[in-house]
Amino acid sequence: MEFLTHSLLPLHEVCALQQRLSAPNLPWRDGRLTAGDQAALVKKNYQLDPNAELSLAISNCISTALTSDPLVKSFSLVRKVHSLLVSRSSAGESYGWHVDNPFSRNGRRDLSFTCFLSDEDSYEGGSLMIQTGGEDTKEFRLPPGQVVLYPSSTLHCVTPVLSGDRYVCVGWIESYVKAADDRSMLFNIDAGARGLLARHGRSDELDLIFQSYTNAVRRLSS
């Protein structure tokens with residue numbers, strides 16, 4: 001399983017963030033300032049100053065939600081959430097095909113995530129497209145408060161916004177397990193074992209599965 005979409009933030013928190021994002025005179029900066037040389041050529045959006053009070057509040061809210069969510073923790077084996085950015089894309093703005101840098105000064109980038117903050121009917125366009133292999137792509141345009149996680153090694157883009165304003169928070173996860181295939185395998189084992197536990201209760205055989213899962217994480221961790 002390469003991608004995870006999940007309801008991360010409750011509606012009341014999203015509504016409060018939306019109200020604050022609509023305030024005038026927020027310190028928006030050219031999004032190219034945080035892109036690598038190649039990505040900057042295809043990036044056209046704006047990002048909230050990372051040191052602004054609202055940016056820090058949104059980053060802390062989403063980081064806390066990610067690191068405390070059982071499904072996200074199982075999927076990503078999160079060691080660290082870092083380098084969060086609040087992004088705004090208006091009509092005519094987009095982010096062309098690119099791959100994220102493998103690391104930043106804050107940590108390795110094993111998984112990327114986008115948490116959607118705008119109501120779906122408040123803007124047109126602005127889909128996140130992720131290449132899944134060859135010419136196949138997956139499209140993500142999620143309700144506010146939902147997040148998509150995906151390997152940072154994938155090519156992805158944001159299609160042009162046709163109208164309205166698209167607000168998202170993006171960031172990266174350094175995982176205990178670097179390889180996406182290994183994380184996917186471990187996630188499936190964990191999900192299967194927990195499903196058996198919920199349906200049939202504890203057993204000696206299930207203990208062996210959990211033991212093997214734990215030792216596999218230990219062996220594959222970096």
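Even glycines carry a Cβ here, placed using N, Cα and C.
Note that this is a predicted model, so its numbers are computed, not measured.
Annotated domain 'Fe2OG dioxygenase' per Swiss-Prot: 80-175, in sequence order. The Fe cation binding site annotation in Swiss-Prot covers HIS98, ASP100, HIS156. Residues or ranges marked as 2-oxoglutarate binding site in Swiss-Prot (evidence: sequence analysis): ARG166.
Sequence features annotated in Swiss-Prot and their locations in the structure.
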| residue | record | contacts (Cβ under 8 Å, 6+ apart) |
| --- | --- | --- |
| HIS98 | Fe cation binding site | ALA35, GLN38, ALA39, VAL42, LYS43, LEU155, HIS156, CYS157 |
| ASP100 | Fe cation binding site | ALA39, ARG109, SER112, SER152, TRP172 |
| ARG166 | 2-oxoglutarate binding site | SER87, ARG88, SER89, SER90, SER118, TYR123, GLY125, GLY126, VAL158 |
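Helix, strand and coil content of the domain 'Fe2OG dioxygenase' (80-175), in residues and according to DSSP, is 3 helix, 64 strand, 29 coil. Annotated Fe cation site HIS98, ASP100, HIS156; additional same-chain residues within 8 Å of its Cβ mean position, judged by their own Cβ, are ALA39, TYR95, TRP97, VAL99, SER112, SER152, THR154, LEU155, CYS157. When other Cβ atoms within 10 Å of the Cβ of HIS156 (Fe cation binding site) are tallied across all protein chains shown, the result is 22. For the domain 'Fe2OG dioxygenase' (80-175), the model gives a mean pLDDT of 97.
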